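Undergrad: The ATP binding site feature in Swiss-Prot is assigned to 65, 66, 67, 68, 69, 70, 71, 72. Annotated compositional bias 'Acidic residues' per Swiss-Prot: 331-340, in sequence order. Swiss-Prot lists 329-349 with the feature region 'Disordered'.
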């Protein structure tokens, strides 16, 4: 570029920075050293499927699936992990159905979890926005999008038609939230339900409520589905759950994580260590027997789970080896380890 054009460009950039602040315009290469920072999902299997060691910070995540598939459980594990690393979490309970006893069993510090049970959708999203803009909250979970009922619908009569109200509400909210989420480095998780499209003869009839906006603004979309029931004798004690990454802007999509969600306990950490350990040649499996470093741990997966619960040192050793092999870090992964812990944006110098 010749000198005259460069001078003109420099003048324009100076004027922009004077009007909008330093860093309003930058060269992309100035931040080429930065990588996506993440916070652990609380499951090494899900962290591996996400490709960046967890949920990306400063991004919108959608977790959707059928009823009782484990969506809230997956989100609560993420909250527990953030709190374990000294972070602050907020939960917008639009469904008014959060069980504090179950949340505590999953490792959530309920005494330090900020909870809101809004009266209508606008209130819930405004509270979420306030948490995000504060810059002091590390993770915000909205449960669920389908329960964010517009105020006009709540105040109206039963049977009144309100076409597209919720979709417009979500579209407006996400337009306001997306920039604030990025600048505050907050992880925003929206839980969503599934609906059936009427009259679909071919293709997938399933869709998610709230319009298309959330699909577009989400950097990661996870589909959670029950694969099979887990039994001990005649008793059903949990579900084998498939978590598919159907959209991923920060790593390759379409990876699948399979985890055991046990009733009253959440994701079985021991179960995923066994599965991933066998897959990555850290745990040896011969028939129904499982071994580690030549020592037998037990026959059958349930017995090995109990063995790992009783031997936490071996459990931690397998976990450490797995994370090293898969390149996953335990806890928060920061863009720059030498930087302070204050919220960062691309515009920070």
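Placed from the backbone N, Cα and C atoms, the Cβ positions cover glycine too.
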Undergrad: Let me check the 10 A CB neighbour count of residue 65 (ATP binding site). How many other CB atoms are there?
TA: 24
Undergrad: For the ATP site (65, 66, 67, 68, 69, 70, 71, 72), what does the 8 A shell look like? I mean other same-chain residues with CB within 8 A of the CB centroid.
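TA: Those within range, site residues removed, are 224, 225, 226.
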Undergrad: Restricting to the chain of residue 68 (ATP binding site) and a gap of 6 or more, list residues whose Cβ falls under 8 Å of its Cβ, or answer none.
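TA: The list for residue 68 (ATP binding site) reads 226, given in order along the sequence.
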Undergrad: In sequence order, which residues at least six apart in the same chain have a CB under 8 Å from the CB of residue 72 (ATP binding site)?
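TA: Long-range Cβ contacts: 98, 143, 191.
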Undergrad: Does anything in the same chain, at least 6 positions from residue 69 (ATP binding site), have a Cβ under 8 Å from its Cβ, and if so what?
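TA: Result: 224, 225, 226, 239, 241.
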Undergrad: By Cβ count within 10 Å, point out the most packed of the binding-site residues listed: 66, 70.
TA: 70
Undergrad: For residue 72 (ATP binding site), which DSSP three-state class applies?
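TA: The three-state answer is helix.
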Undergrad: Note down the number of other Cβ atoms within 10 Å of the Cβ of residue 67 (ATP binding site), including every protein chain shown.
TA: 8
Undergrad: Could you tell me which three-state DSSP class residue 66 (ATP binding site) falls into?
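TA: It is coil.
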